[in-house]
Amino acid sequence: MTLYRSLWKKGCMLLLSLVLSLTAFIGSPSNTASAAVADDFQASVMGPLAKINDWGSFKKQLQTLKNNGVYAITTDVWWGYVESAGDNQFDWSYYKTYANAVKEAGLKWVPIISTHKCGGNVGDDCNIPLPSWLSSKGSADEMQFKDESGYANSEALSPLWSGTGKQYDELYASFAENFAGYKSIIPKIYLSGGPSGELRYPSYYPAAGWSYPGRGKFQAYTETAKNAFRTAMNDKYGSLDKINAAWGTKLTSLSQINPPTDGDGFYTNGGYNSAYGKDFLSWYQSVLEKHLGVIGAAAHKNFDSVFGVRIGAKISGLHWQMNNPAMPHGTEQAGGYYDYNRLIQKFKDADLDLTFTCLEMSDSGTAPNYSLPSTLVDTVSSIANAKGVRLNGENALPTGGSGFQKIEEKITKFGYHGFTLLRINNLVNNDGSPTGELSGFKQYIISKAKPDNNGGTGNKVTIYYKKGFNSPYIHYRPAGGSWTAAPGVKMQDAEISGYAKITVDIGSASQLEAAFNDGNNNWDSNNTKNYSFSTGTSTYTPGNSGNAGTITSGAPAGANPGDGGGTTNKVTVYYKKGFNSPYIHYRPAGGSWTAAPGVKMQDAEISGYAKITVDIGSASQLEAAFNDGNNNWDSNNTKNYLFSTGTSTYTPGSNGAAGTIRTGAPSGSVLSVVTSTYATDLNEVTGPIQTEKLSGVSLNVSTSTYAPNSNGVEVTAQTEAPSGAFTSMDLGTLSNPTSLNTDWSKQSIYFIMTDRFSNGDPSNDNYGGFNSNNSDQRKWHGGDFQGIINKLDYIKNMGFTAIWITPVTMQKSEYAYHGYHTYDFYAVDGHLGTMDKLQELVRKAHDKNIAVMVDVVVNHTGDFQPGNGFAKAPFDKADWYHHNGDITDGDYNSNNQWKIENGDVAGLDDLNHENPATANELKNWIKWLLNETGIDGLRLDTVKHVPKGFLKDFDQAANTFTMGEIFHGDPAYVGDYTRYLDAALDFPMYYTIKDVFGHDQSMRKIKDRYSDDRYYRDAQTNGVFIDNHDVKRFLNDASGKPGANYDKWPQLKAALGFTLTSRGIPIIYQGTEQGYSGGDDPANRENMNFNANHDLYQYIAKLNYVRNNHPALQNGSQREKWVDDSFYSFQRSKNGDEAIVFINNSWNSQTRTIGNFDNLSNGTRLTNQLSNDSVQINNGSITVTLAPKEVKVFTK
């Protein structure tokens, strides 16, 4: 394991990551979570390219879009229009007229700041050049592109011109100034990154002689571009001699460095695959990356404070010539796309959403087109998912039914956040009538959109529906407008039980006309008439026995209309319960009061608290008072409380005194009483007895009495029974969490690096002065225990039965986010939370039958000496440490075990285990930690650096399952440590998995590796993994498919299939399920993204489901049944449960006939648990065919 000192790397172990509230429940292999769009998905339509001349027709088109569920109109805002008169002479009048028309229709408006030319490209129906005055700002050589044949292109400014950023900054600033008043209708802004509004080079331009499916041409032949390439190479290598050494050339001058002189020959002669070729392609893309950073920074500078919306940019779907063997990916590379991983990372770094196109297209990868658009969409979308980059989609060409189905497949498979259809005239005729294409768009795309209940700009109608139908639908139209398609829109559950709710933007209409049904053609009766709802909030109650229902003004009693997630100011109040069922009576400062007693507050996610969120519009404070709903009020000296926007916690005062308000949510420090019994009223102690959880109350074990005080004051506890009460009241015990007594050989572990997993409590991000900085991979990022708690369902639904989290001890460095540089053993690091929050995590994991393993470091502390002293007491004594200097490469290479155990690992202070005081304190500490937390197992870091004698003592003191990290490839060396600990991470198997599955080597290596199991005490408890936080991700290191080395998922799936079905405890590192592909530390420690619809998440969930339902696959015996270079099979058995696993490691389909199975007779039918095919044993054997890289798991 590697560590860093100062700015060095430190290995931190974690593997896990979970969730965002995933709703999938895994009940059977075919019942994993279905694919879905993102929670905020919306469907938009692209407006015309040219100016609108007939506003009446355009407004009819907009109204039809609105009536059919379209969210927004996306519009090119042409630089050539708005600044044509001269530098900084802007005219925005046309686009203000445009925005007003959109606003009138009740739609949103998504502007594209189009800094490119319109005209000359496929689909262009206008001619809008760049502002003519631009040519005076620089030379043509600087500002234009030039291709291989010498054609000069001025579709967009060259990113290499130094003035490009300044011009865009001025344009963005003027837009922000002029459209600040339209912020309510602008949910997003797009940036043009180059030709056709895409971040690319103008490599395929018909006016330059290109026609489909031509490769296109490189655009790096101006002197400016050539000099930029030369400078970049000199900067990279440092001298011409080193360039020659790298490229195998004999250049005598930097001026001899040029882009490829023959673009076609660059491919046919193999130049693209040479060191020179790779350097050129990498530099060529880097120009686009830098340009994206420049325009992204300018946009955030000018737009964030004004609009506060997401900003996006687009890359082109260059899908042809992808698999042409003569020039693989030539079209993409001419456009500037050499490494999608790196390019999409730039979107992440620039905090920009990514729009991708050609979602409607299918692959046809044969000559002459070699077109693979569907594969390309999958590749780009997968990388974006893995990196947490938000995706939006477009079609490339007009589309129909099958195209819409293809779009639906992609947006749901990869959790897209939006889709924009090109263009409006394909959906709506000039008279406002729909075309045939609109129905397909509505069926497959608009139907996926989430209700926009709060963001509209017109009049709004909010309806609470008292449930007659359990799942009511509302079929409606703005009065005089168009109806929704029957049965209409499904209403969502309201914040008050027994009601559904919807808010509809009706544009300029004054009423909403509606009817209700159950979605199955059963309609609410109103004597065949529709109901009419006025603007504002109304409550509808169905009539009895088929009679018409009634409409009353306002929300139902107890509702909180302001809790709907509006776009205005919000106040969230946590109320520490004095009243068991508190009400809040409130008004936005200066506004109107709720009707007394106000709104009943709901139980918060933190025990002992109630909570409410109120939308206060443009007000800056919420004025409030609390009561119990029965006219008993909290006292604040007759004054009301004032809460500012954001989150606050209110604690009632003692003895009638005023309560206190502090900023932020409560810490969650809650004492859980396992079985606590108390009287609810001291005056009625013979009355009902309740058993509940008590919050923040200290009770002695024996006889105690708990009583809520009156008037909302804090609770009290006394150490005797109340007069006349039962003297044998059972208070249970105030205990810490307890272990699940886990059989670890049955578990499947998800490894979590806590700081990089999920930020559930931003209030602790800057703990101890070591601030969170997401832009620096070596510093804290904000993940914490609350984040893991929030994502437990994400982990559970993936089928994992255990989590392993990185160390929890307090650190004292801005670089110690990983937890391996302990300062205080007896304190939890505040970045992660508190001891109470850690206990809560353990309890809630145990509630879901998830065991918890914690990483611990007993070899060393952080690097606190010399100069800064030692770790915190009692680890603050010089003789508790070795002072033998750093372990060197020579020590490792010569296997100097004495130095390996007694030297400093990367400068970290090595503990002296031979000192009894040190050894005893470490054993005391681990007993304390286990007792406090109730964790179920330990992962020990840097075990090969710890004396084996101490390990044995430590293992006995812990008296729990221990798994050691012995970073070494020799199974005899690693296996010896299982004589002192319960288990070891199987690094020898890791190296074999990497070779066999990641680099297509012989499956016989698996057989050879299993022959080394004799070195382990019990190989069934070896931790088996494909990668972790100390090594490159599997997808980074894997070789990929020959001829298409970007295609690595099949290799990963084969490795996962092996890992989750073979002997040992499988351990999957967080992010694997999202297709993460980071390289060496810290690139392999990415922040998590939680897409439960990701193909890899679903695949892992299916494998875990099979494993969890078959004891044989957990810790059953394992016997090899077949091995050759490309195929492997084994059988696992336990107590009558039999499973046979087949793995094809080839890139071709493979068929084998395999026999000699145990405990299975002729005629036995076996079913593949990963799909639906089955086989039957005949003559003692099975014949199976597996697709390339496929894994099959057959059971009875």
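A Cβ is built for glycine as well, from the same backbone N, Cα and C atoms used for every other residue.
In Swiss-Prot, the Ca(2+) site is described by E83, D87, and among E170, E177, E198 the residue recorded at this site is E170. Substrate is bound by H116, D124, K314, H319, T357, N395, A396, R423 in Swiss-Prot, and the record lists one more residue there from D76, D169, D279, which is D76. It is 544-566, from the ranges 544-566, 636-658, that Swiss-Prot records as region 'Disordered'. Counting only residues at least six positions away in the same chain, the Cβ atoms of S192, K314, I315, S316 sit under 8 Å from the Cβ of E198 (active site, proton donor).
When averaged over the region 'Beta-amylase' (36-454), pLDDT in the model lands at 94.
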